Amino acid sequence: MGAADNAAAPPRGDVPQRGRGGGEPEAKEREVKVVVVDEPPGAPVARLQAQRPLAPLQVTTQAPPPPMSVASGGVEPPPQVATFQPVMQTPPQVAFASLNSRVYTNGITLCVFLVHLAAATFAVGFFVFRAVKDIVQHPRSRNAQRERSLLREWLPPVEGAVALSIVLAFAWQKAVRAWPRAMVGVILWSSFGITLAVGAMLMCFSMPATVGLGVAMVMFSIGTGLYACWVTRRVGFTARVFERAVQPVDKFRGLNGPAYLMVAAGFVWISVWCVAVIGAANYRFPGLTILGLVLSLMWTAEVMRNVANLTASRVIALYYLRGMQSSVQFSFQRALSYNLGSACLGSLFVPTIEALRIVARGLNLLEGEDEFMFSCAHCCLHVMNAIFEFGNSWAFVHIAAYGRGFVQASRSTWEQFERLQGMPALVDSDITSSVCFLTGVTSGALCVALAGSWTFATHKHYTATVSLLAFFVGYLMTRIGMALPQACVGCYYVCFAENPTSRLFDPTIPERLHKMQEGADPLVPTPRFPQQHPGAA
């Protein structure tokens, strides 16, 4: 063997001997290359690398050409065109959005809400102090006697309605999670029956104020019954979506904790707020003052509901999109800090948008051949379409997952829906928000039945006021409790649109989209997508 061959020979003891005698020179040469790269420094490899420096270790798609011995007079062939893939080269990947954004979203709205909350806290404290001061320091004054009468005759039925609303909020959420398929139909028809019965009860009290409230509830119950008949064909699909959407809740211990915590905070705030209303009733401009307290309570309760919504949305969305087991406590902290501004802005936009949707659908049913109703329906529809792209309830999923602002999240979620054929019409025909709304209405009617009958049996002249406030409180508390199932359904739709090939989703949505493409879908039309009507397909 020549000098080059001796230099290329591996050190003894480092290369396992596969055979004696003539062996396989090419296999030995390949073993030499592997051993040379892995050889620790200071060994004879340094001399080898000085004679022929070796390139860094590479993983190739084909075997390297056999080594040529210089002593044998061989000539190296020209380098072959091959696709070598270095180990350290990172393949191109799709850039994922950050999941831990530390930017406070919608900061202006957040500042406005915090200022409002500070002012509301001061006002509530001032009116509570004023009521207590009048009763303690001037017990025989006219204001003190009236406030004492309100505390004794007006406050207990209202507090009883607040306590009942907490029980109903927990009961509705538990029932929806336990029997999701059955509860959709139960909510639709129980809302019709209970509001009709309570409206009739108020009319039987035979007082002008209670008769007016009873007529309003009866009219609402009739509209609820017509709506339940109109969406009968959608109930089955909505029930299946509910069933699939709430399944991940059992994987995360304490996921319903933030909703319960917000309900408890709402109970404390409403209890103190009721005492403040008594003090405001004997202050200057009582009508405007109480109206301001009512609007403040509505916004605060909506923010509480959306905080619970954002917490659940982050946990469920990261499970669908990344397969992550997120911390409920960490998600709750983000909802109360970085994403609180978006919750505040969404609390102003979403109820307005939902009200416009209800009005547009009602006018769409009634327009017929009437030119006035036709113009009203289309005007409301155009306004709703203009607002819907920049603000919708689906935005809370992207707010929670990616830390986006409310408007940006609304546009990004709707753009994802538009990428899938038929998905915008499917989500527009979803009745989840209507089901949760009617759940709050049903709880409010039950609170009216309790507080109204209690007050009528003790102090008749307060019946209408107590009934109205009981309905308001029962509705708000139940909507906070129903934030969890509504967030689960929102994540189910939005995350499917973002990753429709995920194995975490069943064929429920794809099958419905396929039926829609064939013109055999029973869930639509809606005012925004009338072309999906089965008869017009």
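Even glycines carry a Cβ here, placed using N, Cα and C.
Annotation source TrEMBL lists region 'Disordered' at 1-32.
Residues annotated as compositional bias 'Basic and acidic residues' in TrEMBL: 15-32.
For 108-129 (among others), the entry in TrEMBL reads transmembrane segment.
Feature annotation from TrEMBL assigns transmembrane segment to 154-172 (among others). Listed as Cβ neighbours of the transmembrane segment (154-172) (distance under 8 Å, sequence separation of 6 or more from its ends, same chain) are residues 187, 260, 263-264, 267, 270-271, 274-275, 278, 439, 443, 446-448, 450-452, 454-455, 458-459, 462, 465-466, 469-470, 473-474, 476-478, 480-482.
TrEMBL lists 184-203 (among others) with the feature transmembrane segment.
Among the features that TrEMBL reports, transmembrane segment is placed at 209-230 (among others).
According to TrEMBL, the feature transmembrane segment maps to 259-279 (among others).
The feature transmembrane segment is assigned by TrEMBL to 435-456 (among others). Distant neighbours of the transmembrane segment (435-456): 153-154, 156-158, 160-161, 164-165, 168-169, 172, 184, 187-188, 190-191, 194-195, 197-198, 201-202, 205, 210, 217, 220, 224, 238, 354, 462-463, 466-467, 469-479, 482, 485-486; these residues of the same chain sit at least 6 beyond its ends, with a Cβ under 8 Å from one of its Cβ atoms.
Listed as Cβ neighbours of the transmembrane segment (462-478) (distance under 8 Å, sequence separation of 6 or more from its ends, same chain) are residues 153-154, 157-158, 161-162, 164-166, 168-169, 172, 202, 205, 207, 209-210, 212-213, 263, 266-267, 270, 274, 294, 297-298, 301, 439-448, 450-452, 454-456. The transmembrane segment feature in TrEMBL is assigned to 462-478 (among others).
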Beyond the flanks of the transmembrane segment (259-279) by at least 6 residues, Cβ under 8 Å: 123-131, 134, 147, 150-151, 154-155, 158-159, 162-163, 166, 169-170, 173, 290, 293, 297, 300-301, 304-305, 307-308, 312, 469, 473, 476-477, 480-481, 483-484
By a Cβ-Cβ criterion of under 8 Å, what residues six or more beyond either terminus of the transmembrane segment (108-129) are in contact with it? 272-273, 275-280, 283, 292-293, 296, 299-300, 303, 340-342, 344-345, 348
Where else in the chain does the transmembrane segment (209-230) make close Cβ contacts, counting only residues six or more beyond its ends and a cut-off under 8 Å? 188-189, 191-193, 195-196, 198-203, 362, 365, 434, 438, 441, 445, 448, 452, 456, 463-465, 467-468
